[in-house]
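Reading through the structure tokens given below for one structure.
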Amino acid sequence: MKLTIIGCNAATPTTTGNPTAQVLEVNNQMVLIDCGEGTQTALRKNKIRFSRINHIFISHLHGDHFYGLIGLISTFSLLKREKDLHIFGPKGLKEIILLQLKLSKSWTNFKLLFHELESKASETILTHEKFLVQSIPLKHRVYTNGFLFKEQPKERKLLIHKALEYNIDKVYYKGIKKGKDVVLEDGTIIPNRELTEDPPKVKSYAFCSDTMYTESIVPIIQGANALYHESTFLEQHSELAKLTKHTTAVEAAHIAKKANVGLLILGHFSTRYPDYNMFKNEAISVFENTEIAKDERVFEF
Ligand SMILES: [Zn+2]
Ligand SMILES: [Zn+2]
């Protein structure tokens, strides 16, 4: 999986950073997660082709997570997009976007398919042939979901020398990769385990922003290869974090540790702090494999 950070500022854009947006590449598919202001220009800077984005996931209806969406949809139209666009987000998002399109008489020439979320329990919201997406209910000032992206299991790896050894015709290869045994002409059964190896382990990525500290997400994100968790504040402002339903870097690190994730990526930084390395310094006392997000930074896992 490849994650490109488009923006990781909390609340407001600055000359050095955009509000929340990121692009995840999973099994050759690209999805956009949140769409703060500045997303379009940042996509161009990062050389991400607009036409590759077919699925957009919006965590909640605070402006720093979706104010770039109407602009992006408008550009898709100007670029003569024809492919369907799927948008997942809280109930109300469809109304907001359609009102803007209606009053500006700018209907799109492609299908806008809204998948509005209302459930307070985790649910599978998309089953694509290449990946699955599960919602992660978060605790914030408005209805908010994080998202867990999981690769679909890959096919079993065919051991070609074994297939040749048993003189197995190529027409059976597809079935073997799917786990089928082979029956030879004389009736002998060659079990699949003799012909294949296990496929690479399925990878997963959890995006959790915005939220107060909540251990309720731990079972959902358990063992994820990477976790992006908001850390708006440092420990000195932990009271402010509680008050505004955000998280500190140390709290995010506790979640990463409890969920036993591979990598913790911190983001959604309050612009009051001069140096974002301070977040990493606080978090690594609890969870060592911590990195900080930065616009245009790419993580591969
Ligand atoms: Zn936010
Ligand atoms: Zn928010």
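In case you wondered, yes, glycine gets a Cβ from its N, Cα and C as well.
Worth saying up front: this structure is predicted, and the values here are computed from it rather than measured.
Here's what TrEMBL has on this protein:
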BINDING   His60, His62, His140, Asp210  Zn(2+) 1 binding site
BINDING   Asp64, His65, Asp210, His268  Zn(2+) 2 binding site
ACT_SITE  Asp64  active site, proton acceptor
Close-lying binding-site residues around ligand 1 among His62, Asp64, His140, Asp210, where CB distance stays under 6 Å: His62, Asp64, Asp210
Rounded Cα-Cα span from Asp210 (Zn(2+) 1 binding site) to His268 (Zn(2+) 2 binding site), Å: 8
Local Cβ density at His140 (Zn(2+) 1 binding site) - other Cβ atoms counted within 10 Å: 20
Asp210 (Zn(2+) 1 binding site) to His65 (Zn(2+) 2 binding site) - Cα separation in whole Å: 9
Reduced DSSP assignment, Asp64 (Zn(2+) 2 binding site): helix
Binding-site residues compared (His60, His62, His65, His268) - highest count of Cβ atoms within 10 Å: His268
Cβ-based neighbourhood (8 Å from the centroid) of the Zn(2+) 1 site, residues His60, His62, His140, Asp210 excluded: Ser59, Leu61, His65, Leu138, Arg141, Val142, Thr144, Ser209, Thr211, Lys245
Residues close to Zn(2+) 2 site centre defined by Asp64, His65, Asp210, His268, Cβ within 8 Å: Ala10, Ala11, Pro19, Thr20, Asp34, Gly36, Ser59, His60, His62, Ser209, Glu230
His140 (Zn(2+) 1 binding site) versus His65 (Zn(2+) 2 binding site) - Cα distance in angstrom: 13
Rounded Cα separation (Å) that holds between His140 (Zn(2+) 1 binding site) and Asp64 (Zn(2+) 2 binding site): 14
Cβ neighbours of Asp64 (Zn(2+) 2 binding site) where a neighbour is any other Cβ within 10 Å: 23
